[in-house]
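Features of the protein shown, as given by TrEMBL:
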- 1-21: signal peptide (SIGNAL)
- 49-135: domain 'PPIase FKBP-type' (DOMAIN)
- 159-247: domain 'PPIase FKBP-type' (DOMAIN)
- 271-359: domain 'PPIase FKBP-type' (DOMAIN)
- 382-470: domain 'PPIase FKBP-type' (DOMAIN)
- 481-516: domain 'EF-hand' (DOMAIN)
- 526-561: domain 'EF-hand' (DOMAIN)
Amino acid sequence: NRALPVLAMIFMAFLVSFVACNAPPVPLDDIVVEKTFTPEKCDRAVQQGDFVRYHYNGMFPDGKKFDSSYDRGTTYNVFVGRGQLIAGMDKALVGMCVNERSLVKIPPELAYGKNGDIIPPDSILHFDVLMLDIWNPEDKVQIQTYYKPEKCGRAVEVSDYVRYHYNGTLLDGTLFDSSHTRMRTYDTYVGIGWLIAGMDQGLLGMCVGEKRIITMPPSLGYGEHGDGSDIPAQASLVFDVVLLDLHNPKDEITVEVQSLPDSCPRKSKEGDFMRYHYNGTLLDGTFFDSSYSRNRTYDTYIGKGYVIAGMDQGLLGVCVGERRRITIPPHLAYGEEGTGTKIPGSAVLVFEVLIIDFHNPSDTVQITKEKPEQCGYTTKRGDFVKYHYNASLLDGTYIDSSHRYGKTYDVVLGAGQVIPGMEQGLMEMCVGEKRKLVVPPHLGYGERGVDGEVPGSAVLVFDIELFGVEEGLPEGYMFVWNEDVSPDLFKEMDRNKDLEVDPTEFSDYIQQQVNEGRGRLAPGFDPHRIIDSMYHNQDRNKDGKITEEEFKLKAEEAVAHDEL
């Protein structure tokens, strides 16, 4: 019957079920078989030459029991049609399905006849039979795939290492083991003898996410002796398997570039410091971590062992704004032990990565210049400059703009009023000139950034335009004379002629020189604070007044002061 077409087998199974439910007891020669339970589904019926495992109670017609497999705690295991049974039982078992139950009545001529000891001569025997298992010595592994993912980039091959869940049952549905109940996958090599032969064969060709039912005869399972506990001798085994992970010890990382920016002026290299976002999953899609959920990029050096080896490799050669999928085998990730929490041992990891920025500690400010047709005076240290800027991160994320305040940003170069990278970028610049500055974090806001505005270790991009410049004073001066200094400078300051210069006299005099163009204060600073500082430098004994003995010009000073 195994050679019959599929439709014929389905029809036969239907017919058996129909007869069991609607027909009277079936005599087989002089045997009577009463089906007391027929399963809804009968994938296979006993044929001559099959090996069966079944339970039975043996009784006389008056109900007296003479034998029982239940009492012995083990099924009766035997070949059908080979003369190993009494003739009536050999006939009665043919056509039975797994989990089918029948009452078999056998006349003495097809049982023990006129001979007997425990069973008297000429006895009619009744057997209540429950069929539990059927297999044939010619059976192979049977595979039924009931779910397969749309994409299958790779299938299990010999020597691959796999992680899978399973439920293991006998052919009658009795559960003997399950990885689900242990809440831990079964992890093993395939095809090299680490598994029973039937499972070694049944896992080949599976895709991650695929679900299979693998049925195997005992010769490819636990054989004549079973496993000594839950799996009896000569038992067919059924495994319901879902494959979760797959790799080979020879695997390297795989990189799938999902999107690239329009331009890529620079690619990452070993030793760079990188900021990136990621989603991390296992190979079956199980989520384990995400930088997005923390609302913060992952920031690290690459190529120096600060991250798992596979990520170190996968982040080399990327562009800012690039998206890539990095698949990492366990020997380049967290190995056999996993992390002990969300990442199991021997797990393949998949990272969906977006590169936000990267730089190298040796980087300097990158300056792209767009000069006006005429460029006369260029800025230098000490100059007071007025400029507009637009600021963003390297990936284009907006940070700030002077335009939104409706005025230029005004600073004194060299006075530490801006980040070092901006100060460098504003040097030797003409009014009307435009520049693009790319500032690494060590010349920007460093590892800490600015709370709520600039992330730590962020590369900054400034588009700037210089609108005005006021030439600064020579280094070390806060006030200079535009003409020769009066030889009677102290007397001119001492308006009340009391041989002392008080703060008001000093301030009024300096302000007058500035207003009349004879002197100049350093631009970009509060003039009152400058004059106050100058006064206190001249007041040597700190008594709140300057005498002629205390009063000196800068050129006369033994120790330089930012004054006169």
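Glycine residues also receive a Cβ, built from the backbone N, Cα and C atoms like all the rest.
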Practice task
For the domain 'EF-hand' (526-561), find every same-chain residue at least 6 residues outside the stretch whose CB is under 8 Å from a CB in it, and list them.
Solution key: 476-479, 485, 489-490, 499-503, 506-507, 510-511, 514
Exercise for the section: Six or more residues out from either end of the domain 'EF-hand' (481-516), which same-chain residues have a Cβ under 8 Å from its Cβ atoms? Expected result: 527-528, 531-532, 534-535, 538, 544-548, 551, 553
Problem - Averaged pLDDT, computed only over the residues in the domain 'PPIase FKBP-type' (271-359) - result: 96
Exercise for the section: Kindly report the helix/strand/coil residue split of the domain 'EF-hand' (481-516) according to DSSP, in that order. Expected result: 18 helix, 3 strand, 15 coil
Practice task
Give the residue counts of the domain 'EF-hand' (526-561) per reduced DSSP state, in the order helix, strand, coil.
Solution key: 15 helix, 2 strand, 19 coil
